[in-house]
Amino acid sequence: MSCLASCCAASTCGLCSTVASGISRKSARLAYCGLFGLSLIVSWILREVGAPLLEKLPWINSSTQTKTWYQEQAVLRVSLGNFLFFAILALIMIGVKDQNDRRDSWHHGGWIAKMVIWILLVILMFFLPNVVITVYEILSKFGAGIFLLVQVIILLDFTHSWNDAWVEKDEQKWYIALLAVSIGCYLAAFAFSGILFIWFNPSGHDCGLNVFFIVMTMVLAFSFGIIALHPAVNGSLLPASVISVYCAYVCYTGLSSEPRDYVCNGLHNKASAVSLSTLILGMLTTVLSVIYSALRAGSSTTFLSPPSSPKAGTKKPLLEGDDVEEGKETMEKEARPVSYSYSFFHLIFALASMYSAMLLSGWTSSSDSSDLVDVGWTSVWVRICTEWVTAALYIWTLVAPLIIPDREFF
């Protein structure tokens, strides 16, 4: 165990003082993203080299388990430590409304202590019995599903914000740019879907399920454009085209996760390369969505904003004569509201920790090789269902204003 603990600690402790001293209040959100990225790297490393070490621990070792099981244990234990770190912060930060709250400084400072606590939590997870990890594994599947839903909402928010930003410029060149990007995305989506037919519908085999997935992706992409351009719908072609590309990508990740001995998986001869590229894309998407949510939280007045935070300018002092100076001092001492919910901010990272564990462990379903990640029918259906949920949510944002005209959707 000391060897495993040294492996985890050595990768981070040497940088603690240097990194922590350079973190300012404005860069705190990116620092949390960096810590989350570090957890992914540690999980990946221990997945590759940690199995022999775990076999030597009597409270983990089981003679009936395979190398794949030990790899999953390494990933899940690092993920659990990371989850607890962010979940504890989320609980501590509940109810923070202004910057005078002592917990505001906890959120933005104390980075050396945070890094030490994070390292200790990750190490302590390797002392827990297997039954605790089994329970966390089950909970992670639900948490990962919630994170995928959050990821979809973030994507929808991004596409609508992008479209609104260009439309607000109200210049012909920006309208031309909108049209060009939209057409380009649609061409990419349909071209990529055509390539999927070649890869996952090999001649001489009955691959009806794969054909159904791909055709459904193309039908959804076509439907997005038709609904968005309908006169009764206040939609735009840009969000529709971006969502179409995303759905095509998710369909690809789902089909590429099919078992390598499945005859309709035309990429089975390139299993390791495809698995690695899918993993990297999945991890990159996870990190980018978390970073975007963090930055969006800091710049938006609605996204992740605390429900009852005080508003600047709601109080207007009526001071005259000698009371002016006293009024200025009072205003200087008056608390400034926080710009986003710290609690929900950390909750996103906690859910992302669960999702990354599922990504690295193939949703803890057995695969035909311990060298492959995110492979198996569980991964396939998770991806396909994510695509369909994305389509349903996007269509809902288009038609909901017609059904519920008194509410605003994006």
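Glycine residues also receive a Cβ, built from the backbone N, Cα and C atoms like all the rest.
Look at TrEMBL and you will find 74-94, 115-136, 142-162, 174-199, 211-229, 275-295, 340-360, 380-404 tagged as transmembrane segment. Here TrEMBL flags 300-328 as region 'Disordered'.
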Answer yes if the transmembrane segment (142-162) and the transmembrane segment (211-229) have at least three CB pairs under 8 Å among residue pairs 6 or more apart in sequence, and no otherwise.
no
Contact yes or no, the transmembrane segment (380-404) and the transmembrane segment (211-229), 3+ Cβ pairs under 8 Å, gap 6+:
yes
Is the transmembrane segment (211-229) in contact with the transmembrane segment (74-94), using three or more Cβ pairs under 8 angstroms as the rule and ignoring pairs under 6 apart in sequence?
no
Flag the pair the transmembrane segment (211-229) / the transmembrane segment (174-199) as in contact if three or more Cβ pairs fall under 8 Å (sequence separation 6 or more).
yes
So if I exclude everything within five residues of the ends of the transmembrane segment (174-199), which remaining residues of that chain have a CB under 8 angstroms from its CBs? That is, six or more out.
163, 166-167, 211, 214, 217-218, 221, 225, 236-238, 240-242, 244-245, 247-249, 251-252, 255, 266-267
